[in-house]
Amino acid sequence: MQLDNILSQLFENQALTKAESQYFFEQVIQGNVSNEQLAGALIALKVRGETIEEIAGAVEAAFANATAFPAPDYAFADIVGTGGDGQNTINISTASAIVAATLGYKVAKHGSRSVSSKTGASDVLSALGINVTISPQTARQALDENNLCFLFAPLYHAGFKHAVPVRQTLKTRTLFNILGPLVNPAHAKRQLLGVYSPEVLKIYAETVRTLNHQHSIVVYGSGLDEVAVHGETLVAEIEDDKIHYFSLIPEDFGVQRHSIEALRGGEPTENAEKITVLLQGKGEAAHIDAVAVNTAMLMRTFGERDLKANVQRVKDLLRTDKAYQTLQNLAQYQ
């Protein structure tokens, strides 16, 4: 296979096979593709729209070149969004992961520094005193003992660094936004995946189905890559190799509506302060409800289907400081 041929195909608006995509992204990960070539390829993919085969090929390339994580044999999940929704909200997925872990669900959260928003998952966790660069063995220990670990993407997918200058220069969503959530190094088979557009929802669901997940849910929340408390959430639930599409509104979770402005965040320190207050049992109503609906949906991947009951469990927890204890315990792993 030749890099030049693949680039020519892309520039002529032809889709790549899964094998061609895997080859191309392995070349990217190994540093064999120039910034100019990569920028051209990513834009060509974006303008045409990435196919399931192209995304799946990139996922395979990432896994084939990733640092291994000692995956457990017990059930665990991941909650992660593509980012790139441009809304700069507080880190709802990160807070939800901490809450779910406190309720007894094991979560291996995959994430990185922000590339296209103000504050990524690792930015806010660092501000909360968490060492995001612990070894895979230590992270596994945290998951075993504390129900929660954070897997810092650059540590496991070192080759992605070759794409960072291009991503930062382009300042637009690319296949890498789509890729990140799908390449959890623990190979999570249960995931709550947030996407940045309704168009990506279907292609994401189809891609997840090819990756043999046990029970994963893809959501798009009226402009957010999360379950929304300000409007409708489009849902694709992937279970037993079937995809079920439906939509939910805040009332389906038993919560009231809040404006998206009430969820706005900022720099890592600001988001960290808001999350700390929330985990200590003193959170703002909008923050509590946003975390409750997302945690409720994550619980569903473990078979807890009653969303209203799940929300109530979260709200009861967030009247205490137990979730803050989970965060403090996580900080002990260095």
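Note that the numbers count up from 1, one per residue, in the order the chain is shown.
Positions of Cβ are set from backbone N, Cα and C atoms, glycine also.
For G81, the entry in Swiss-Prot reads anthranilate 1 binding site. In this structure, G81 (anthranilate 1 binding site) is part of a beta strand by DSSP.
What Swiss-Prot lists as 5-phospho-alpha-D-ribose 1-diphosphate binding site is G81, 84-85, T89, 91-94, 109-117, A121. Packing around S93 (5-phospho-alpha-D-ribose 1-diphosphate binding site) is summarised by its Cβ count: 27 other Cβ atoms lie within 10 angstroms of its Cβ, all protein chains included. Taken residue by residue with DSSP, S93 (5-phospho-alpha-D-ribose 1-diphosphate binding site) is part of a helix.
Positions annotated as Mg(2+) 1 binding site by Swiss-Prot, on the basis of sequence analysis: S93, E226.
The anthranilate 2 binding site feature in Swiss-Prot is assigned to R167. Secondary structure from DSSP puts R167 (anthranilate 2 binding site) in a helix.
Secondary structure at E226 (Mg(2+) 1 binding site), as computed by DSSP, is coil. What Swiss-Prot lists as Mg(2+) 2 binding site is D225, E226.
Cα of S93 (5-phospho-alpha-D-ribose 1-diphosphate binding site) to Cα of E226 (Mg(2+) 1 binding site): a distance of 8 Å. For E226 (Mg(2+) 1 binding site), the nearest neighbour among the listed binding-site residues (G81, T89, H110, R113, R167), judged by C-alpha distance, is G81. Of the recorded residues, D225 (Mg(2+) 2 binding site) and R167 (anthranilate 2 binding site) place their C-alpha atoms 19 Å from one another. The binding-site residues shown are T89, H110, R113, R167; of these, the one with its CA atom nearest the CA of G81 (anthranilate 1 binding site) is H110. In the three-state DSSP assignment, the secondary structure recorded for R113 (5-phospho-alpha-D-ribose 1-diphosphate binding site) is coil.
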